[in-house]
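Asker: Take this structure, written in C-alpha cells, and hold onto it; I'll ask about it next.
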Amino acid sequence: MEQATADENTAADDRGLTAAEVAERVAAGRTNAFTADSSRSVGSIVRANVFTLFNGIVAACFLVLLLLGRWQDALFGVAALSNAVIGCVQEFRAKAALDRLALLNAPLARVRRDGTDAEIAPAEVVRDDVLVLRAGDQVSADAVVVSSSGLQIDESMLTGESDAVDKRLDDEALSGSIVVAGEGTARVVRVGAESHANTFAAEAKRFQLVSSELRTSIDRVLTWVGWGIGPIGLLVLNAQMMVAGGWAEAWQQGTWSQAVVNTIAALTAMIPLGLVLMTSIAFAVGAARLAGQQVLVNELPAVEGLARVDVICLDKTGTLTAGEIRFDAALTLDEQSGWQDALGWYGAAPDANATARCLREPFPVERPIEAARRIAFSSARKWSAVSFSDGPRGTWVLGAPEMVFGDDASDASTPLGAAVTRLASSGRRTLVLAHAPSALTDDDVSAERLPADLAAVAVLTFVEAVRPDAAEALAFFRAQGVGVRVISGDNPRTVAAIAREVGLEVDEGFDARRLPDDDAEWGALLEQHTVFGRVTPDQKKRMVTALQARGHVVAMTGDGVNDALAIKTADIGIAMNSGAAATKAVARLVLLDGRFSHLPSVVAEGRRVIANIERVSMLFLTKTVYATGLAVLFGALVMEFPFLPRQLSITDGLTIGIPAFFLALLPNAQRYVPGFLRRSLSFAVPAGIVIAVALTVYTRLAMGLGLSVEQLRTGATIILAIVAIWVLTVLSRPVTRVKVLVIGAMFVALTAIFTVPPLGEFFQLQDPGADGSVLVTLVVVLALAAIEAVRFGHRRFVRRSLAALAPGAGAAPGAAEAPGAGAAPGADAAPAADATPGAHADPAAGAAVRDTRRRPAVVTAAIVLVYVGGLLNTALGVVVLLARYAVTPDLVLPVSLVGTATVLLGLLTVAGGSALSRGSILARALLTGYLAVLIVLQAVAMALTELDPVLVVALAAAVAVIAAVWIPGRARRWFRPTEPAAHATVRTETGPRAEARNAPPAA
C-alpha cells in the first residue's frame, strides 16, 4: 500500500524463518518459553502453606510428643497438616482456574514466517523470528528493528523513561515494552530467560504484589509472635520444671516429660496457624468465584484491593462505551478535491486504529495509493499526516480538532469551532481532516511537525454505543461513596455528553490541555471536576499519581494502549479483554467478557474477604493473646499449665478453626474501613486478657479447694470452651440462620466430648466435684459478663475511630451517599437478610453521623432483660451440664441435652438482643423464644402454687413484650431510635478516607 521512504528505515526484504529453521531452533531449545505469571507457582503455594516457621515449630513439637509416646497430645499436628493440605488444595484449584483463563486469553505474538504473517503464542517465538509490530502490541522477546514506519515504543515499564522512543533500523526493542504508534518489524535476538523483561525488569511481569492491608497486618502479627515465642517458651519450660520439683529432680524422677508436654501445650496455643490459612483460602475462593464470572484475577489480593478503592478512573472508549465505533457523517468545510481518497487511504492503512478502520466502508479505495512520507498516529499528538506520491497533492492531516488547530477548534465564531462545539456536545466523537498545499519534508517527519497553511476540509463524526450496564455499575460506585473520574483523549464536550448519558451529573468536561505544570495543583482539580478530555497517556498516569498523593486508593479501567501507563500506576488496574495486549498484560484484573457490570461483584467479593477475615482474625488473635497471657502468667507465677495439648486442640478446633472456615466464606457486604489490625487488636487483646486472667484466677482458687490435677484441667477446659463459644457468638453478630447452625453444631460437638464416656476418657475429663462446679459456673458467668463489656468497649472504639477518620471535607465529585452501607466489622451491623420492612435505617447512611439518637425506654428495658436473662440462662445451663456427673447413667444424655439447649438459648438470646433495636427478625425470634420459656415456667409455677401477684405481673409483662415486638406498626414505632431534629448533627463527607467516612457508626 505504501513504499519505503526516506523517513522510514527498512532493511533488505525479510520473509522470516522457514518451517525447517523454526523446527531446528525448537529442537535446540531456543524458544521463548516462559512461566506464565497469571497466578502463583506450585512451588510458591507449597512453600507458603507448608514450609513456614510456625509449621516448623509445630512439626518439632509433634515429633517430640511422638518420641515421648504421647501421641494423644499430638492432635495439633494433624490439625496443622490438615491446614496445610486444605490451603494447598484451595490455592491449587484457584491457580488451575486462573491458569485456564489466562491460557485462553493470553495475548498473541505476530510473526512472519515463509513470507506470511501469523499469530502464535509468545512461548512459541524462536530466536531469529521476525516480529510484526503494530500499535497496541507488547514486544514478546528482545529484538532488533529491521523495518520501521513511524514506529514508537514505550519502555517506561522497563527503563522508567516516560517518553515514547522512536525506533529506527538496528535499534533494539526490549521485551515487555509497548508499541504506541506506527508499525515495523524486528528480528528476535534473545528469548526466554535471556530476555530483558525476565532478567532485569521484574516490574514488567504480570504477577505483581498488590498492596494488601490484610496481608501486611497478618505478617506483622506473625512477626510479633515469632519474636516472642522463644523467650516465652523458655519461661514456661522453666516454670513447669520448677513445678515438677526443679530441674535436677525432674530429670531424676522422669517428671520432665510432663513439663515438656505442658510447655508444648502453651507454645502451640500461641501460634495462629489457621489465620494464614483462612486468609489464603478466602483470597483463593474469591478469585475462583470471580473466574466463574469471567473476571481474571492476576493476583489474589487484588480481590481485596478493589474493595478499598475510593476513586475509580474510567476511560470512555471501551469502558463506558462498547468500544464499537461507527462512522456517522462528514461535514465539509472546504471543497478541496481528493479528500475522499485521503480518507480511504487512512482507513486502508495497515496500522489503522479502530477509528480509522471505520472509514473503510464509507470511503472504499478504488485504486492503491502510495504514501511518499507519513507521520504515524500517536496518542500523545492525537494526529497523523501523509503525503502521497501519486494521489491527491499536498499533505493530509487527520486528528483531533483541538490538537491540529488549537483554540480555533473551540472558537464558536469560526466555522470549524462552531461545527466541532455543536457536534461534540451531542456526544459524537469528532476528527478533522485538514489539507496543506505543500508536501511533507524529511524535516517535518523527523520533528513530527504539522505543515504550515493547514486548512480544515471536513469534520468527521463518529458514534459509540454506550454499554447498557455502565449506568448501573456507576450508580453502584456512587452509592458506595466511590468517586468517579472519566478521563479520555476525546473532546471534553463529547466525553461530558457520554458521562451524562450514563447518569453522571456533570456540566462540561475539563480540557486537559489547560492543566497546570505543577502536579500539586492537579489533585485539587481532580477533586473539583469529574470529566476530563483531551488527556494524553502521560497525563492519565499523572492524574492517577496526583490522586494517590492525596491519599486516595485509585482504580483505573481502560482498553487502549494509551491506558496502559495509568493502569500500571493505579493501585488496581482493570482492563477489558477486547483491549490491547499490552494493557491486559499490566492489569490486575481483566474483564474477559468486557462487561463493566462485573465490577460491583468484584467489590462485593473484596468486601466479603476483608470483613470476614477481620472477624476471623479476631478469633485467632484472641486465642493468641490468651495463650500468650497464660504462658506468661503461669511462667511468672510458677504454676502448672492447666491444659493438656489434646484439650486445647479440641477447644481450638471447635471454637475457632472449624467455625472460622465457615465465617471466612459467608456473604458479607460491609463497607471497608481502614485500620484492620488496630480494630482487630482492640477486641482481641482485652478479650484475650479476660480469658487468661479468668483461667489463672480459677486455677489458683481450684488449687486452694484441693481439686486434683485432672479435675482442675477439666474445669479449665469447660471454662475455655464456653467462653470461647461466647467469643465466637460475639464476633458472629448479627447472628443469621447459618451462623446459629454453626455455633449450635460446635457447642453440641463440645458437649459430646464431655458427655460420651470414651471421648471423656481420651481427653482426660473428670467430674470437677461440687466445689469445682460452683467455681466453674461463677468464673464462666463473670468471664462472659467481662467479654460483653469488652464488646461494648470495642464498639465505642470503632465509633471513635470512624469519627477520627472523618475530618471536615467537601464532597468529592461523583461520590454520593451510600444507603444501607454496612458498618465496620465488629460494629454489629445488621445484614439485609435479617432486616424487615419496618427495620430502622440510618437516615444518613453513607455519611459520618454523630449519634444523638435516644432509645425508647421499653427497648432499653427489653435489652437489659435479654442480657441479664441470657447470662443467667447460660449459668443455669452450665450447672445442668455439670450435673451430668452426679446423675445416674440413664440420665446423663437427657441432662446433657437440657444443659446444652439452655446454654445455647442463653448465648443466642444475648446475641439476638444486640440486634433488637434494629428490628432484626432473628433477634425478635430469639427474644420471643426466651420469653416463651419464662411464660411456661411461670405458668407451671402458678399451677403448682397459690396465685402469686408477682408471677401474674411477670407473665403479663412477658406477653406484652412479645406483642410489642411482633405487632408490625407498633414494633416499628417502639424499636426505632428517635433523633430530635434540634440535636441531630449529620455530616456528609468524602475524600481520601471515603470508605471510613461513609460507614455509619455502630448501632
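In case you wondered, yes, glycine gets a Cβ from its N, Cα and C as well.
Quantities reported herein were computed from a predicted structural model and do not represent experimental measurements.
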Asker: Would you mind telling me which of 146-167, 982-1003 TrEMBL tags as region 'Disordered'?
Answerer: 982-1003
Asker: Determine how many residues of the domain 'P-type ATPase A' (105-202) DSSP places in helix, in strand and in coil.
Answerer: 16 helix, 47 strand, 35 coil
Asker: Cβ pairs under 8 Å with the transmembrane segment (48-68): which stretch of 221-243, 263-285, 772-790 has the most?
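Answerer: Most contacts with the transmembrane segment (48-68): 263-285.
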Asker: Between the transmembrane segment (221-243) and the transmembrane segment (650-669), are there three or more CB pairs that fall under 8 A, provided the residues in each pair are separated by 6 or more in sequence?
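Answerer: Between the transmembrane segment (221-243) and the transmembrane segment (650-669), which are separate recorded stretches, there is no contact, as judged by 3 or more close Cβ pairs.
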Asker: Who are the long-range neighbours of the transmembrane segment (772-790) in its own chain, taking Cβ under 8 Å and residues 6 or more past its ends?
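Answerer: Hits for the transmembrane segment (772-790): 683, 686-687, 690-691, 694, 697-698, 701-702, 705, 707, 711-712, 714-715, 718-719, 722-723, 726-727, 730, 867, 871, 874-875, 878-879, 882-883, 885, 910.
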Asker: Take the transmembrane segment (738-760) and find every residue of the same chain, 6 or more past its ends, with a Cβ under 8 Å from one of its Cβ atoms.
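Answerer: Beyond its ends, the transmembrane segment (738-760) has Cβ neighbours at 650-651, 654-655, 658-659, 662-663, 666, 718, 721, 725, 728-729, 732, 766, 881, 884, 892-893, 896, 899-900, 903-904, 907-908, 922.
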Asker: What same-chain residues lie close to the transmembrane segment (263-285): Cβ under 8 Å, and 6 or more beyond its ends?
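Answerer: Residues packing against the transmembrane segment (263-285) from afar: 48-49, 52, 54-55, 57-58, 61, 64-65, 73, 76, 79-80, 83-84, 86-87, 90-91, 93-94, 214-215, 218, 221-222, 225, 228-229, 232-233, 236-237, 240, 300-301, 303-304, 608-609, 612-613, 616-617, 620-621, 623-624, 627-628, 630-631, 634, 641, 643-645, 647-648, 652, 656-657, 660-661, 664-665.
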Asker: What else in the chain is close to the transmembrane segment (221-243), if you only count residues 6 or more beyond its ends and a Cβ gap under 8 Å?
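Answerer: Here the qualifying positions are 53-54, 57, 250, 256, 258-260, 262-263, 266-267, 270-272, 275-276, 621, 624, 628, 631-632, 634-641, 677.
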